[in-house]
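Engineer: To start, I am sharing the structure in question, which I have written as structure tokens.
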Amino acid sequence: MRWIGIDPGLCTTGFGIIDVDGQKLTYVASGTIESGDPAKRLGALYAGLKEVLETYRPESAAIEEVFLNVNPRSTLMLGQARGAVIAALVSEKLPVAEYSALRVKQAIVGTGRAAKPQVQEMVKRLLRLNRAPGTDASDALGVAICAAHHAQIPNVFSTTLTPKKRSK
């Protein structure tokens, strides 16, 4: 299955694409979408991501959740960027999973308090890359890896906690 992970940002949005076959992870592509001019930022982000989706044709998507920033304006603007990303993903009829940065770091490094260089190094190792991608692309690859691992875990609650009919 091909996954795309997205690390949304105000000026730079990272993307990472991996193929997953059982436990085998294969790097496909990664990079950033730059969306400079604030007046055109959301349109540029949407168009840039659509181009990536058309080129690599992922089957599932995952995006990092918004964290509450000290500056409410920054949080609002990041939410708008996430909206453009989700709109592009949904327009391609992709299922979209969302993960907190803490959960992604736990899945990749083993601790939710990992620093960006630690995430970069583990992404490099997990995908057997010669060098680590930049921080935005590396974070996006981490989101894709986290989502792929979570998708492989069977949903035990849906089968074990099904209410049973009472006999009379």
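First residue shown is number 1, and so on along the chain.
Quick reminder: no glycine exception, Cβ is built from N, Cα and C everywhere.
Okay, these came from Swiss-Prot:
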ACT_SITE  Asp7  active site
ACT_SITE  Glu64  active site
ACT_SITE  Asp136  active site
BINDING   Asp7, Asp136  Mg(2+) 1 binding site
BINDING   Glu64  Mg(2+) 2 binding site
Engineer: Given Glu64 (active site) and Asp7 (active site), what distance in Å do their CA atoms have, once rounded to a whole number?
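Structural biologist: Given the Cα positions, Glu64 (active site) is 6 Å from Asp7 (active site).
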Engineer: Going along the chain, which residues six or more apart from Asp136 (active site) have their CB under 8 A from its CB?
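Structural biologist: Listed in sequence order: Asp7, Gly9, Thr12, Thr13, Gly14, Thr32.
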Engineer: Just how many other Cβ atoms lie inside 10 Å of the Cβ on Glu64 (active site)?
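Structural biologist: Result for Glu64 (active site): 25 neighbouring Cβ atoms inside 10 Å.
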Engineer: Reduced to three states, what secondary structure does DSSP give Asp7 (active site)?
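Structural biologist: Where Asp7 (active site) sits, the three-state DSSP reduction gives strand.
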